Amino acid sequence: MKKTKIVCTIGPKTESEEMLSKMLDAGMNVMRLNFSHGDYAEHGQRIQNLRNVMSKTGKKAAILLDTKGPEIRTIKLEGGNDVSLKAGQTFTFTTDKSVVGNNEIVAVTYEGFTSDLSVGNTVLVDDGLIGMEVTAIEGNKVICKVLNNGDLGENKGVNLPGVSIALPALAEKDKQDLIFGCEQGVDFVAASFIRKRSDVVEIREHLKAHGGENIQIISKIENQEGLNNFDEILEASDGIMVARGDLGVEIPVEEVIFAQKMMIEKCIRARKVVITATQMLDSMIKNPRPTRAEAGDVANAILDGTDAVMLSGESAKGKYPLEAVSIMATICERTDRVMNSRLDYNNDSRKLRITEAVCRGAVETAEKLEAPLIVVATQGGKSARAVRKYFPDATILALTTNEVTARQLVLSKGVVSQLVKEINSTDDFYRLGKDVALQSGLAQKGDVVVMVSGALVPSGTTNTASVHVL
């Protein structure tokens, strides 16, 4: 059974009910909507289509809204055509938005472009395809020397590696998009270009103000500043997306894999979800099979301990969206089989919290008894994630009375969530847990299961692990 979850970006190729149903069958767990593209009518229809499929088939999936985020882009060029730049030539960026660009100058969207940069800084355009070095700053213009040949287009992203940028965490478009997400009841927001703790706090306050206090925030780490402030960002977030695309432009490409491993490790320790994203099966946008390197990359992220792996263009606009999900699911299943439990987490001398100690003990017991299932009663999802932290061989069945928690746990590795009407007592939980275990086919008659619970209210009081035979 596949334990690692798959996030699929849904676009024109995959938005129909028929395709969404096939994607769920193939292994999709979370639908990602990329708000850098599309309008509210399109995204609203995609959400409706997925909900229709779920209500017809009983399948479970969560919805993730990915913000455009505060970014710098090039503006207009003459005739809207790309211009060819040559290595060694001089090229100018201006903050005067009325300028129509050519092969010597282009306007950018960011007012503070001239004040944030200094001579000697690097400017990268279009995911780093064109590099330039700042040679002078004059008024509202930044004059650069072009470092390599390339074609510059309109609306292309501009990165300033190693430069601290004074952009707000939420652009005006993001604020409107988040309100739309609150109205639609999405489960997660993936917040782009998070640089510091206050960015996350600002987004959380905006969500709360519009009825989205239950929406979980997944912070995307895409630059050096985000890496430098990673610990404080993690503390303020519900999860992290390792956004390797922009990150690989902002920091040296050979550093990306080490940043990935560091972030995944810290997320596991903090019991926060982590998604590994970007270019995972990139060649499948055009080809029916991935490269061997891509297959290895997906497996490597899973071995690192990621909760989920993500498809972007592969499932949104590629030629082989279904094949991409199927192949990714196959790699997940194969790699999940060799993952061993990690009971040595917290070998540091830190004292365990009660919940963590009980959950660790439950995993250890399940391993020793070869139990196929650990059943957890959870209100907000923390207990289920505390069990997941130790990578049990057993599947984690999370029973919750909270519909939001049931959907959000869809993103956690190895967790199957089940919404139940009510749990009135510990005995009630044991009875319910056994019933669901058998009905779902996750365990058979005669199997040993470990059950984890606590005081029924309030949440956060897990204190009991017990062993039962079905």
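Cβ coordinates are placed from backbone N, Cα and C, and glycine is handled just like the others.
Marked as substrate binding site by Swiss-Prot: Arg32, Lys220, Gly245, Asp246, Thr278. Within 10 Å of the C-beta of Thr278 (substrate binding site) there are 20 other C-beta atoms, taking all protein chains into account.
The C-beta environment of Lys156 (ATP binding site), restricted to residues of the same chain at least 6 apart in sequence and closer than 8 Å, consists of Arg73, Thr74, Val125, Asp126. Feature annotation from Swiss-Prot assigns ATP binding site to Asn34, Phe35, Ser36, His37, Arg73, Lys156.
Annotated K(+) binding site per Swiss-Prot: Asn34, Ser36, Asp66, Thr67, in sequence order. Under DSSP, Ser36 (ATP binding site) is assigned to coil, being neither helix nor strand in the three-state scheme. Of all Cβ atoms in the protein chains displayed, 13 besides its own lie within 10 Å of the Cβ of Ser36 (ATP binding site).
When other Cβ atoms within 10 Å of the Cβ of Lys220 (substrate binding site) are tallied across all protein chains shown, the result is 26. In the three-state DSSP reading, Lys220 (substrate binding site) counts as strand. Marked as site 'Transition state stabilizer' by Swiss-Prot on the basis of similarity to another entry: Lys220.
Annotation comment: Swiss-Prot describes Glu222, Asp246 as Mg(2+) binding site. The Cβ of Glu222 (Mg(2+) binding site) lies under 8 Å from the Cβ of Ser192, Phe193, Ile194, Ala243, Gly245, Asp246, Leu247, Glu250, each of which sits 6+ residues away along the same chain.
Sequence-distant neighbours of Phe35 (ATP binding site) (same chain, 6+ apart, CB under 8 A from its CB) are His43, Leu65, Asp66, Thr67, Lys68, Lys173, Asp174, Asp177. Across the structure, Lys220 (substrate binding site) and Asn34 (ATP binding site) place their CA atoms 13 angstrom apart. Within the same chain, residues at least six positions away from Arg32 (substrate binding site) with a Cβ under 8 Å of its Cβ are Val7, Cys8, Thr9, Ile10, Leu64, Asp66, Ala190, Met310. In the three-state DSSP scheme, Gly245 (substrate binding site) falls into the helix class.
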